[in-house]
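Engineer: Swiss-Prot lists these features:
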type	residues	note
BINDING	G10, A11, G12, L13, A14, G15	FAD binding site
Amino acid sequence: MTGRTVTVVGAGLAGAEAAWQAARRGIKVKLYEMRPEKLTPAHRSGYFAELVCSNSLRAAALENAVGLLKEEMRHLDSLVMACADVTSVPAGGALAVDRDLFARCVTERIAGNPLIEICREEVTAIPEGEAVIIATGPLTSDALASDISRFTGENCLFFYDAVAPIVAAESINMGKVFRSSRYGKGEAAYLNCPLSREEYEVFWEALVKAEKAPRKEFEKELHFEGCMPVEVLAARGKETLLYGPMKPVGLIDPRTGRRPYAVVQLRQENAAATLFNMVGFQTGLKWDEQKRVFRLIPGLEEAEFVRFGVMHRNTFINSPVLLHPTFQTRKNPALFFAGQITGVEGYVESAASGLMAGINAARLLAGKEPLVFPRNTAHGSLAHYITAADPAHFQPMNINFGLFPPFEARIRDKKERYRTVAKKALESIDRFKETLL
């Protein structure tokens, strides 16, 4: 055990996991949590790792990327996964928990660790320290957010998600789309889904009648200037989208030699070209409605949505500019960020990022080199996405197999292919774990 201390700010899923991982390696931890003295608009208790939305940690099977991420966490002795497994409730093919028992489990184990000192107070500025992990989540307090903005620069801290859906490339019907940029300028960077007048009118009718996701009370005053939901634009008139995200100007369908009546553009989301973003289609529709309505677009009839559109309050940094894949900041290697504030999306992803940051902060204080997790693992792919994505278009993301390196072996059956990816990932995690001892 060293006499050095990791300071962790925020005891949500990421902060609790980070503190646990550092303490497991013999490092003292000061864990700051402002609740219950000061509650966020979403939290209701002072328990650590409180689940404020769903009680589901999503799919359990290894052929699902989040199922693999959870299994990797188990191999790495995750506190969050240990508590989730002992407080689970029946949920079919998913892992769901009794949220009160889960939060109590995490809190009690943290409180029972002699190396972790709990400080129930608000942190209003980035602390000085030998190693500091900021894990304050999407509802970071105003005072601390202001100081983070000072550190990152005002253009590198965002306060809401306005995200368009992302689809898996292999699910796009390439026979119905064409690759082109407007007016043929530059490289043909976009996939274009052309719509006839009749197809557009069917799509528009479905869009304006689709059911919107309810806003939480603390999100009702959000305004998304310059980033209007596509359904709000559509409601302004039948032709509004034709002058906005579905404008066809400068595009010629090579199969007809004519300009389509309307076009939906898909922009490549990652270097491997496995993911495509629906340009300008940020939306607040319910997820089932997004699937139903957007599959009316030619070429997207069988689209697999790896990320649905969302519009909600979410404080996060521009990680591709600010972070190394070790979760250290580029400006200060003793300062780490973890959790949703880094641009990972979801309970499990937040905890996994805390696990990586906690391990690396402990290594830093032990005089060891912080480590980048293997690229072919769910942990490594998540870290790679948030630090290597295009900074100009960076948006929070759930783990999905589109973030992994392209799989070289040709396996037609998708489930079998993903099971093979998972097997290799777990083998890599087990080898990697030996370097952490």
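Positions of Cβ are set from backbone N, Cα and C atoms, glycine also.
Because the structure is a prediction, the values reported are computed rather than measured.
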Engineer: For the binding-site residues A11, L13, A14, which Cβ has the most other Cβ atoms within 10 Å, all shown protein chains included?
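Structural biologist: Of A11, L13, A14, the one with the most crowded Cβ is A14.
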Engineer: Quick check: with G10, A11, G12, L13, A14, G15 left out, which same-chain residues have Cβ atoms within 8 Å of the centroid of the FAD site Cβ atoms?
Structural biologist: V8, A16, E17, A18, E33, F48, A49, A135, T136, G137, A338, G339, S350, G354
Engineer: Return one of helix, strand or coil for A11 (FAD binding site), based on DSSP.
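Structural biologist: The residue in question, A11 (FAD binding site), is coil (DSSP, three-state).
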